[in-house]
Amino acid sequence: MSDIHEHKILILDFGSQYTQLIARRIREIGVYCELWAWDVTEAQIREFAPNGIILAGGPESVTADNSPRAPEYVFNAGVPVLGICYGMQTMSEQLGGKVIQGVGEGEFGYAQIEMLAQSALFKDIEDAVNSDGKSLLDVWMSHGDKVSAIPEGFVAVAKTDTCPFAAMSCEEKRFYGVQFHPEVTHTRQGMRMLSHFALDICGCAANWKPSSIIEDAIERLKKQVGDDEVILGLSGGVDSSVVAMLLHRAIGKKLTCVFVDNGLLRLNEAKQVMEMFGDHFGLNIVHIDAENRFLDALKGEADPEAKRKIIGRVFVEIFDEEAKKCVNAKWLAQGTIYPDVIESAGSATGKAHVIKSHHNVGGLPDDMELGLVEPLRELFKDEVRKIGLELGLPYNMLYRHPFPGPGLGVRVLGEVKKEYCDLLRRADAIFIEELHKADLYNKVSQAFTVFLPVRSVGVMGDGRKYDWVVSLRAVETIDFMTAHWAHLPYDFLGRVSNRIINEIDGISRVVYDISGKPPATIEWE
């Protein structure tokens, strides 16, 4: 088996919102990479031994005092370096070039760059040709400052009308700088540029692919846990489901999955989880029906944050009780993924190389004395989904819309009651079913129904009804940081509303949420 970590790229983060996207793109090309904070030491870089280094973007100005700089060793390590946006500016400044503040000449959004010279980074890449026969590329800019003089040994590779050095290179040292963002889809040929850098310039092999990741994970799991028993809290979500499948392949019946049905799941979800993992895949699952326990704990509580804490606390209590019954278990498995590792540093950058394992379950008792198994901690969410498919998990389960950890506990506004949850489950199932039927489900980023604790007058036949209100919510977003409400067709919304009111006794009115984020959040609580 080839070593999937043999060839690797180091990405240094200066705080850009796009930095994780760079890492995901390099992984998509088939090369392993890690994302570290910019203030890494020479010793840490030497130990990691990257085949190439990417200096990512950031919000600071290179011209400001005490702004972040790449470690000097980056330029003496003998490996290719690619500077993106701020990364290009700090590369230029540190190697003897000059950066000036852009006064009213920043570039934000779509731009077209004109190629001035040949470069390995742009080999055979072209979007259009101008009247002078020069190649043009469509790119995405987001910068105020700009390089005004490039370092000795560099050549200008591309320009725009307001940016004389939109790209630069020193082919001898294999140093490259681009003022635009190749990692975003708006830069049409961005993936080809990153592929040239990782595969051709750095000489990496594309070993990072789902089948190899699975093979590597299983081997590492076997080495880590040996013949010991492992317990896992299986929620039916993407991360814990993929962890369950990896461990099942690695250690079989030595894995015990604890599935806690808190009564706050989607319609028939508990049944589906048990049938898929227990009956179909043959995993060893302990099913805990804890609906009454959760609802009793939530009784009388209307505050969203308090509800979240109660749900988390009760889950931990139940999981702890079940874990103690597994007297031979030596390990606790968790679905920690790479963004969790990065974010646990307490900042957007995250020094992933010095982060210790952490409990993402939310405060499991220290006296459990179990080792931690986190087979997904190197992976982004899209990679987890891809290996889930390779492991045989169904597409519809892996690519479902996000569902909050507290479940319906934060989609029933105010106090949570069984009656409300049952009504909401059925209404939500109708909404999702109709989205699938209309081929709209995969065209929105997230869709769900919210139960409003208010009654409204309705008419049914010759009689009046005085029943509950639900709100439909559907949004379109790229990163869930901002979102637009989805402009679903009126006839579709009418069909969903009619079905919910006619088929569910207890709901008299359906409304549609047309709030964006900001100012609203995606979830109501």
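Positions of Cβ are set from backbone N, Cα and C atoms, glycine also.
Taken from Swiss-Prot, the feature domain 'Glutamine amidotransferase type-1' covers 8-207.
The Cβ neighbour count for C85 (active site, nucleophile), using a 10 Å radius and every protein chain shown, is 24. The active site, nucleophile annotation in Swiss-Prot covers C85.
The active site annotation in Swiss-Prot covers H181 (among others). Taking the Cβ of H181 (active site) as centre and 10 Å as the limit, one finds 23 other Cβ atoms among all the protein chains shown.
The active site annotation in Swiss-Prot covers E183 (among others) and is backed by sequence analysis. Shown in sequence order, Y18, L21, I22, R25, I84, G190, L194 are the residues of the chain, 6+ apart in sequence, with a C-beta less than 8 angstroms from the C-beta of E183 (active site).
Under the heading domain 'GMPS ATP-PPase', Swiss-Prot lists 208-400.
Positions annotated as ATP binding site by Swiss-Prot: S235, G236, G237, V238, D239, S240, S241. The 10 Å shell around the Cβ of V238 (ATP binding site) contains 22 further Cβ atoms across the protein chains shown.
A count of other CB atoms within 10 A of each Cβ picks out S241 as the most crowded of the binding-site residues S235, S240, S241.
Counting only residues at least six positions away in the same chain, the Cβ atoms of G335, T336, I337, L376, K381, V384 sit under 8 Å from the Cβ of D239 (ATP binding site).
G236 (ATP binding site) counts 21 other C-beta atoms within 10 Å of its own C-beta, drawing on all protein chains shown. Within the same chain, the residues at least 6 positions away from G237 (ATP binding site) whose Cβ sits under 8 Å from its Cβ are G335, F403, listed in sequence order. H181 (active site) and C85 (active site, nucleophile) are 7 Å apart (CA-CA, integer value).
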